[in-house]
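Taken verbatim from TrEMBL:
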type	residues	note
TRANSMEM	12-35	transmembrane segment
DOMAIN	17-460	domain 'Major facilitator superfamily (MFS) profile'
TRANSMEM	65-87	transmembrane segment
TRANSMEM	99-118	transmembrane segment
TRANSMEM	124-146	transmembrane segment
TRANSMEM	158-176	transmembrane segment
TRANSMEM	188-209	transmembrane segment
TRANSMEM	274-300	transmembrane segment
TRANSMEM	312-332	transmembrane segment
TRANSMEM	339-361	transmembrane segment
TRANSMEM	367-385	transmembrane segment
TRANSMEM	406-426	transmembrane segment
TRANSMEM	432-456	transmembrane segment
Amino acid sequence: MASSLKQLVQGKALLFIIILGLGGSFQVGCHLTLISSPSPFIRRFINSSWTLRYGEAPGEETLTLIWGAVVTSYAIGGLIGAVSVGFVINHVGRKKAMIWNNALNIVALAIMMISKVVNSFEMIMLSRFLFGLTSGLCGNIHVIYLGESAPKKIRGTVTVTVGTFLGIGKLTGQMAGLSEILGREEFWNILLCVPAFFSFIHIITLPFFPDAPRYLLLEKGELEECKKALQSLWGPGDYKLEIEEMQVEMDALKGQRNKSVLELLRDSHVRWQCLSLVTVYTAIQFCGISAISVYAFSIFEEAGIPMDKIRYVTLGIGASEILTSFMCSLVIDRVGRRVLLWAGFAIMAAIMLLLTVTVQLKDYDFWIPYSTVGLVFLFVIFYGGGPAAVNTPLSYEMFVQSDRSAAFTLMAVLVWGGFIVFSFVFPFLEGALMSFSFLIFSCVGLAASIYIFFLLPETKGKTPLEIADDFRKIRVCGSPPEDKYLETQL
């Protein structure tokens, strides 16, 4: 751990991680939590704008429809941004993609600020759509850029910071939404632009950092620029081992162009990688973390926590996720990815089962609501220190360079598609099953844990080619061996 920290401060790496985080997953996390606090103010603005324009107040259905469009425009933008990741990074590179993406954030900021002045709820929708578009792009470019810049031995430590900044973004959004800060009616448009203010810092500072070393060598063939980038980020050294590993992969990939998503899905040599990606990300979407967010307020209320204090308790949940993500970054390159994933999902499944019981028995005894609060905190802790943190390095490591952009496009579609599906489905599940819906999430977590324990190979300290070979060796029900990966595919 000491050597990892030492390497982070030898060059520009630590500052690079912070700047990239502020323009990357921090933006996504912040937008996820910002919208809930100003929602009544925005609905009133929509109502007054409609009345001013048409001379009468909108009906309740119309108001709900417009508000729904404001909320979903972010998710639609995110999905479009997600499917565009491969195209964008393959054409402009990682560094330029991040800079232009954050520049678009500032355009969205300007539109949001003007919307209140001109009384246009349509401009709110447009701004939210653009914020979603940039979130869909930056969340994935962040992972690829960081992963392609990190030395193999501390790759896990470095890429876990994506989850850490996601958590910091969520907490920032919650804090900014407090009435003591920006959670007041006169500030709702400023509140929705909080992440974009950090984009200014990103745009000003990122040009002073190099592009991703792996991208420079494997895709642009610039050996000297790759060496300079490594030395700039990680301090003086020849980085002979890292460069040799890249050159081995470059030789293996010679003549291979970057795949599309359809080509990736059709390729039998990466079927286990694709199945693992789908399994992990589907499980993350439906493990119950979103349900916990929905139920948290009522759970704390039942436990007797004063109404004006509940929002501060929810801040504690956000802080717990950040802390466990940070702790995960310290141990992930020692214990590996598999154990943090399968154990995390298994414990979360058990907690969901217990929550089903405690929520149903909340009136049975005075201590049960308090145990429910404790279970909520435990769930968030194991989520933040397990699946939420580990999925980032894992998804990067499972694919070679020519497959990676398509894999991240697929991953982003799973994340944003799952977000949209859950938003529509969960209200019906909650209405029909109430807390018994937790049992569904428990089953999802258990299934993911079993899959990971028995089938997912460890990726810690291995090159993408070594990991690809481990996936090729997976046998289920006596399945016949495939042709050698390097010979047939690379």
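Glycine is no exception: its Cβ is also placed from the backbone N, Cα and C atoms.
In TrEMBL, annotation is done automatically, which means it is predicted and not curated.
Sequence-distant contacts of the transmembrane segment (274-300) (same chain, at least 6 residues past either end, Cβ-Cβ under 8 Å): 264-265, 310, 313-314, 317, 341, 345, 348-349, 352, 359, 369, 372-373, 376, 379-380, 383, 387-388, 391, 394-395, 398, 407, 410-411, 414-415, 418-419, 421-422, 426, 430, 435, 437-438, 440-442, 444-445, 447-448, 451-452, 455-456, 471. For the transmembrane segment (188-209), the list of distant contacts is 12, 15-16, 19-20, 22-23, 26-27, 30-31, 34-35, 37-38, 41-42, 45, 95, 98-99, 102-103, 105-106, 108-109, 112-113, 115-116, 127-128, 131, 169, 172-173, 176-177, 182, 232-233: same-chain residues at least six beyond its ends, Cβ to Cβ under 8 Å. For the transmembrane segment (339-361), the list of distant contacts is 280, 283, 287-288, 295, 299, 328, 331-332, 368-369, 371-372, 375-376, 378-379, 382-383, 385-387, 389-391, 394, 435-436, 438-439, 441-446, 448-450, 452-453, 456: same-chain residues at least six beyond its ends, Cβ to Cβ under 8 Å. Annotation: stretch 158-176 has the most Cβ pairs under 8 Å to the transmembrane segment (12-35), among 65-87, 124-146, 158-176, 367-385. With a threshold of 8 Å between CB atoms, the same-chain residues lying at least 6 positions outside the transmembrane segment (158-176) that come near it are 8, 13, 17, 21-22, 24-34, 37, 139, 142-143, 146-147, 149-150, 182-183, 191, 194-195, 311, 314-315, 318-319, 321-322, 325-326, 328-329, 332, 384, 388-393, 396. Sequence-distant residue pairs (6 or more apart) of the transmembrane segment (124-146) and the transmembrane segment (367-385) include fewer than 3 whose Cβ atoms are under 8 Å, leaving the two stretches without contact. 65-87 is the stretch from 65-87, 99-118, 367-385 with the greatest number of Cβ pairs below 8 Å to the transmembrane segment (406-426). Outside the transmembrane segment (99-118), and at least 6 residues removed from its termini, the chain residues within Cβ reach (under 8 Å) are 23, 27, 45, 88, 92, 124, 126-128, 130-131, 133-134, 137-138, 141, 188-190, 192-193, 195-197, 199-200, 202-203, 206-207.
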